[in-house]
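Under the heading domain 'Myb-like', TrEMBL lists 1-57. Annotation comment: TrEMBL describes 1-62 as domain 'HTH myb-type'. Here TrEMBL flags 58-102, 196-217 as region 'Disordered'. Annotation comment: TrEMBL describes 60-69 as compositional bias 'Polar residues'. As annotated by TrEMBL, compositional bias 'Pro residues' applies to 88-102. Summarising the annotation, TrEMBL assigns domain 'H15' to 124-198.
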Amino acid sequence: MGNQKLKWTGEEEEALLAGIGKHGPGKWKNILRDPEFADQLIHRSNIDLKDKWRNLSVAPGTQGSTNKARPTKVKEEGPAVATDDITNPPPNTIPTIPPPPNRRILPSELIPDEKSNIVVDAKNVPRYDGMIFEALSALADGNGSDVSSIFHFIEPRHEVPPNFRRILSTRLRRLAAQSKLEKVSTFKSLQNFYKIPDPSGTKKPAPKTKETHTKLRQANNQASAISLQMIEEAAITAACKVVEAENKIDVAKLAAEEFEKMTKLAEETGKLLLIANEMHEQCSGGEPMLLA
């Protein structure tokens, strides 16, 4: 039997799209090596991934009969609504048509980021930006909020993809480049902080270099003074501990001498007790005893 290509399953296609979303198009080896997608794409090679991505990138109208887009059936609850009612709804009513479940993102809807080399769903970009502005408004930190703070605010409140942290970093940089957000870099931290720009357009003047150096010098002097004080206190404490140890050693020596004296006294008392027993036995037996 000749080599026959295996038909792509829906699970393999989803793994391919997720891998492209994480590593970017063209990173076929990285996708195959990723443990997250290795099990689903175990029977696929770099060329298979490349060909499948090229086929998925073709517009639906130019594909064969097997890949034609199927019309989406919307299950309506209650009475049917006419088309005119949807395009021109009556007052105080907003027609809603739920999207089909498990909707697959088309390749044409994915936009690659230039710097981080990740793929972002273009239709979700406004939603992600709305989450960012919501988080920054709620955090309301005058010095700005870092990526971790914004991510931990958004994650429990919204449904986000697994690689949302990288998407978040990309969107923050893009919004800062578009002057929609203000990026703040601090002297003490290498991280970037982001905040909503002041509507009045007035920015706080940056501290002068001399003032910054003066404050740093004062802080260093205070730290040095505190360190010297701590060293002196530690030295005094150590000296007290040494004196206490010496006193305990002297007490132990006196106790050892007393123990030796008591031991000798006990030995002499034992000898006297033996002599007294012998004398008692002789006297009891009627033997005469001569005392020297």
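Counting starts with 1 at the first residue shown.
Backbone N, Cα and C define each Cβ position, glycine as well.
Broken down with DSSP, the domain 'Myb-like' (1-57) shows 36 helix, 0 strand, 21 coil. With helix defined as DSSP H, G or I and strand as E or B, the domain 'H15' (124-198) counts 38 helix, 9 strand, 28 coil. This prediction places the mean pLDDT of the domain 'HTH myb-type' (1-62) at 84.
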